[in-house]
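In Swiss-Prot this protein carries:
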- HIS564, HIS568, CYS676, HIS680: Zn(2+) binding site (BINDING)
Amino acid sequence: MSGVNEIRSTFLDYFKKNGHEIVPSSPLVPRNDPTLMFTNAGMVQFKNVFTGLESRPYSTAASAQKCVRAGGKHNDLDNVGYTARHHTFFEMLGNFSFGDYFKEEAITHAWNLITKEFGIDRNRLLVTVYHTDDEAFNLWKKIAGFSDDRIIRIPTSDNFWAMGDTGPCGPCSEIFYDHGDHIWGGPPGSPEEDGDRFIEIWNLVFMQYEQLTKEERIDLPRPSIDTGMGLERISALLQGKHDNYDTDLFRALIAASVEATGVPAEGEHRASHRVIADHLRSSAFLIADGVLPSSEGRGYVLRRIMRRAMRHAELLGSRDPLIYRLLPALIQQMGRAYPELVRAEALISETLKLEETRFRKTLERGLSLLSDATSTLHKGDMLDGETAFKLYDTYGFPLDLTQDALRAREIGVDISGFTDAMQRQKAEARSHWAGSGDKATETVWFELKEKFGATEFLGYDTESAEGVIQAIVRDGKEVDSAAEGETVHIVVNQTPFYGESGGQMGDTGVIVGDAGTFDVSGTQKKGEGLFVHSGTVSKGGLKVNEAVQLTVDHDRRSRLRANHSATHLLHEALREVLGTHVAQKGSLVAPERLRFDVSHPKPMSAEELKVVEDMANEIVLQNSPVVTRLMSVDDAIAEGAMALFGEKYGDEVRVVSMGTGLHGAKANRPYSVELCGGTHVAATGQIGLIRILGESAVGSGVRRLEAVTGQGALAYLAEQDERVKALASSLKVQPGDVLSRVEGLLDERKKLERELADARKKLAMGGGSSDAGANDVQQVAGVNFLAKSLSGIDAKDLKGLADEAKANLGSGVVLLIAVSDDGKASAVAAVTEDLTGRFSAVDIVRTASAALGGKGGGGRPDMAQAGGPDGTKAKEAIEAVAAALAA
C-alpha cells in the first residue's frame, strides 16, 4: 500500500462506489455545538442528523475528518512526541448511516475494505463487542468466519461509545491488528492489554441512543452507524511500520525539521522533532479554520500547542523562529486534500512567526528561572506550585510546558500548589471551556423547524409582506396567543425581517394583526433556518394562525445595508493594502456604525488607514450596481469569492459582487466578491461615504476597525468641524492655522520643560558652580564622599549628575538617591578612575539598595545603579555606604 494520501483516497473511493456521499471535512471549530471545544471525531458534523434535528439529502456518507484533541476530556498533549500513536491533530476516516443500514452492512463494509481493498491478513485480526451485544457477536462469526475466541466480549465503557456527557451513543465493536508475539502485550480485556502487540485500527459504533443527561437516555429515531478509523494508525500498519511517526507524511515533516535545525532525529532529539511535526499540523489547521492564539478558550489551547513546539525548537538549538519555516513542507503533503491550508498560507505563516518571535523574548528568562528553581531538585522531587505559576503568569509558560521541560529529569510539578496560586491571584482559568449549556432552551426552535420547516425570507426584495403566525413562544414554551404588554417570540411562515447573522444585526419594525400590534425589537435565526421575531405586544393581542402584516423599519434597514456593504469594500481594501493574509475574524453591522475585525499581526499606521479609506470610497463614488447571484460553493470559490473560515454554507450560496477595481491585479475586474447572506445597498453610491474612526487590538494577531457611513459619517465630520472651530477660537487663530499654532505651543512647552529640568538639577546639586555640592562632601577614610538625596529629579538624570559630580570632585566617591512621587528610590554610585582599585560602584550601590529595602544592582566598577521600594530610608542608605567605605 502506498502513501497516506493514497490510503485516504482508497477509503473514500471504496465508500463512494458503495453509494455513500463523500462529505468534506467540517472545520475544527464545531458549528452550532457549544459543548465541544474542537471537532474531535468524524461524527461531530452529523450530530444533529443522528438526533433527528437536521435532515440531509443523503442517508449514507463517508468523510476524512480533521480532528484536534488537546483540551478537556480528550487531551493527548502530554504524551505527544513520546509515544508511537499520540497526536494533537489527526484525521478520522469514517462511514455513516443515518437510519439506512445497520450492524450487518457496517461489519460487511469494514471487513471487505480492510481485507480486500487494504489487503490486511485476516489471520492477524480479532474484534471486540459489547458484552451484551449478541447480534454483533453472531454477525462477526457469519461475515468474517471468526471463531469464538477471536470475538472478545468487553463489559466496560471501552465498548460503549459516547461523544461526551450528552449526545448520541451506543455499543461498539473494535477491530484489532495483532503485530505478533515478538511485541509485548495481550489481547483487549486481558491484564496485558496496554501493550503494543494488539492495536485497535477501526471502531464501529452502533448508534442506538441519545444521552440527554447523566441519568436519562432515549432511543434515537433511527438506528444508525458511526465508524472511525485513524488515518495515521492505519497508514503505519499498511506501510509496515509500528510507529505513526515513521509513515511517509511524518517522515517528510521531520526531514524538514532536521534540515532546518541541522540536528538529526536521534536519541534525545527524536521526541523534539516529533513534537514539532505534530504541533505544526494542529497549529496550521487551527489557524486556517479561524482560531488565533490568545489568552482564553480555543485561542489559549492553540497557544499552548504552539509554545510547546517552540520550546522543543529551542531544545534543538534553534535561536530564530523555526516553525513557520516548516509550513511549505506541510502544505506540500496535505495541501491538495485540504485546500484551506493553501488559501490561508500567508496568515498561518505570519501568525506562527509572530507568536514565536514574541515568546522567545521571555522563553530564555523563564527557562533560566526554571533552572535556578530546580537546581537542588532530584529525580522524583516536585517543583513548587508558586514557581510554576510565576512561569505561567509572568513568562507565558503553560503548565504543561513546564511539566514537559522537567520530564527528562523526572521532576514533577505541584499541581495543587499551582492551582492555589492561581486562585489567590484571581487568575482566570484559561485552558478549559465548558460551553454555554443552552441546549434545553434551544430545543423548542428545532421542534418548530421540524414542524413547520424553514421560514421563507423575503427581505432581499421587500421590506413589507403578509404572513401567517405559526407559533408564539413565551418563556421557552409554545402558547396560543399573546396579550398587550407581554414579551414573546413570534414565528411567521414568511418574513421580510432579516435575522441576525454574519455580524449584521436583525431587523426591527412592527407586525400588525386584526386586533393587535407587535413591536419587533429584534430578529434572530434559530434552529437552522427559523426566523424568530422578538418583542412586545404594544396594542391588543395576537394569536396563532392569524394573518398579519409585517413591516421592517425602513430607515434602520437602510443604514444597516450601507454599513454591511461598507464592510465588504473595507475588507477588500485591507487585503490590497496589507496583504492577502488579511481575513475577516468578526464583525458588527449596527445601524449607527460598523465594527470589523481582521487578522493582521501589527497595528496599522495612519497612512495605511487613509489608503484603505480612500480605496473604499473610490468604489462608493463609482455608484456601481451591487450584483447578487446564487451558485454552488465550489463555483463561487472558483470565481474568486471570499468565504469565511468556519462559516457554514449550504449547497447553494449567495455571492455578492460590488465595484470595479482601479489598481493592480484588480484593475477592470470585480472589486469585492464575497459569499454573504446579508442585506446590501442596490448601488455603492447609496453608502454615501465611509469614514474610518480608528483601529485597535482585540487579541493576538487581530485588529479592529470602526467606521461610520452615510448620515453617520456626515454627522461625525460635522462634529469634528465644530471641535476644530471651537479650538481655533480658543487659540485665537483661523481653523486652517490650528495645527501650526499647536505645534508652536508644544515646541515652547518642550523648551520650558528642558529649562525647568536643568534648573532643578543645578539646584539639587547646589547651584551649578564648580564647587557645587561642596557642603555635601565628607571625608571618609581619606576619600572625598559626595552623597545627596534628591527630590524632583528623574531617575534617568542621575547618571548625568553623577558624572558631573565626579568631574567636580576630581577624586572621590559619589552616591545620589532620587526619591519619586510614589516613595520609591533610585540610586546611582560613581567612583573616580583613581579609586576603582579600592572601591567598586557595584558594591556601593548594592549596599545602598539593601538599606532602601531592595536587593541587587549592577553596572561597572566606576558607575552602577540600583533601586529600592522605601525612599524614606535615603539617609540610612547614605550612612550605610559611608560605614562601608570606612570599614
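Cβ from N, Cα, C; glycine included.
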Seminar exercise, completed: Neighbouring CB atoms within 10 angstroms of the CB of HIS564 (Zn(2+) binding site), all protein chains considered, total 25
Exercise. What does DSSP say about HIS564 (Zn(2+) binding site): helix, strand or coil?
Worked result: helix
Exercise. Taking the center of the Cβ atoms of HIS564, HIS568, CYS676, HIS680 at the recorded Zn(2+) site, which other residues in this chain have a Cβ no more than 8 Å from that point?
Worked result: ARG561, SER565, THR567, VAL626, VAL656, MET658, GLU674, GLY678, THR679
Seminar exercise, completed: Cβ density check for HIS568 (Zn(2+) binding site), other Cβ within 10 Å (all protein chains) comes to 27
Exercise. Over all shown protein chains, what is the count of other CB atoms within 10 A of the CB belonging to HIS680 (Zn(2+) binding site)?
Worked result: 25
Exercise. How many other Cβ atoms are found within 10 Å of the Cβ atom of CYS676 (Zn(2+) binding site), counting all protein chains shown?
Worked result: 25
